Amino acid sequence: MSEQTLSSTITRLTLLAPDSTCSTDLATNPWDTPAGYGPGASQEDNIPTGYPVQGGLPEEYKRASDEELDTRIRAARETLGERAVILGHFYQRDEVVQYADFVGDSFQLANAAQTRDKAEAIIFCGVHFMAETADILSKPEQAVILPNLAAGCSMADMADGPSVQQCWDELSELYKDEPDDGRMPVIPVTYMNCSAELKAFVGKNGGLVCTSSNAATVLAWAFERGRRVLFFPDQHLGRNTAKAMGVPLEKMPMWTPRKALGGNSEETMREAQVILWHGFCSVHKRFNPAQITKAREDYPGVRVIVHPECPMEVVDAADEAGSTDYIRRAIADATEPTVFAIGTEINMVNRLASEYPQHTIFCLDPVICPCSTMYRIHPGYLAWVLEELVAGRVVNRIQVPENQQGDAKIALERMLAAKP
Ligand code: SF4
């Protein structure tokens, strides 16, 4: 690849027009003008009802310059020493990730939360469900802190407790007369990206949690114990994983919440092997096969790797599909300079592009689409929670209700035992 082509690719990644964002929340293009979506800006966002409410960020953090915030974060971090650990998700913005002691995907961060048992506080720079998971897996005396409570996950919000319970009740009624062959009629499996309430639900009902790293292992576990799987909230991860394991598409009906039998006939549901919840990631849903065709035209020989939260047609058209950690390792392990077209969140793709300059790495989607909910964690919020800790105050603590802790932990421990 010529230097000019490489530089135009990088330019494409970093200098998009202000209106080239996928989310109206980010219409001011935060990449070039962070002040347009600065600390406190998420308080203007439309947050789903029932979500934890983030109180006002003190003015001093809204007004502080990037340099001042950097100085204050580093000073607080030094004062706290080993009393605090900062965890950052791969999709988190660089301005925040630079302060993380450990960066990883949700599976790795769940492990990290469990093993950092010396820290009194775990500051989780990810989204709400990840912080809940850290709270379940960490010691009771450790405080898990989410710097901005508005950092949620749109996919996790697509499956709620009452809707899943209603689905479960309908399925239990439908399958109650099936002959007993020693297996459960249906095993519930939830993707990590869900509330603690739903993790507790699967733990209580003989199921477990999966991540994108271990979904196939988890489905194999479930098929050994049940005749079917109810998979939520991400239809795409469920479909892509089950399809790769040989489950025919016609045996994977979609369950649309609040419709009788999820909008399916009794016969379809009796024949089902994997029942897919109607949920998706708004970031990964944006990828399409035409982007892959274009990448192959522009860069013959390009290696296309996408995340399994992408639609099935995208996974089918790609060379490989895998978790964020799979993508990272594939690039790290490439010994020859390679052109990679990646189908996942832009913060991670940009970071990989700068960490591995020997390769050409670009995002399949030419329109910037960060995980806009994770983006709500600004360094201003990080400075605030750290300085509060220095002052002996814990703010924004995430605490899973006691009645969900036990069952959710069972579901998570089953997952952690099922190695990727
Ligand atoms: S990238 Fe998608 S699934 Fe992941 S946290 Fe963001 S909205 Fe949720």
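Using the three backbone atoms N, Cα and C, a Cβ is placed for every residue, glycine included.
No curator has checked TrEMBL annotations; they are predicted automatically.
Values in this document were obtained by computation on a predicted structure and should not be read as measured data.
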Taking Cys125, Cys153 as the options, which does TrEMBL list with Cys281, Cys371 at the [4Fe-4S] cluster site? Cys153
With Cβ-Cβ distance below 8 Å and at least 6 positions apart along the chain, what are the contacts of Glu309 (iminosuccinate binding site)? List them in sequence order. Met155, Ser212, Asp234, His236, Leu237, Phe280, Cys281, Val283, His284, Lys285
When you measure from the Cβ of His89 (iminosuccinate binding site), which residues in the chain that are at least 6 apart have a Cβ under 8 Å away? Val103, Gly104, Asp105, Ser106, Leu109, Cys125, Gly126, Val127, Met130, Met374
Within the same chain, and leaving aside Cys153, Cys281, Cys371, name every residue whose CB is within 8 angstroms of the centroid of the CB atoms belonging to the recorded [4Fe-4S] cluster site, in sequence order. Tyr91, Val127, Ser154, Met155, Ala156, Asn193, Ser282, Val283, His284, Glu345, Thr373, Met374
Please give me the CB contact count at 10 A for His307 (iminosuccinate binding site), counting all chains in the structure. 27
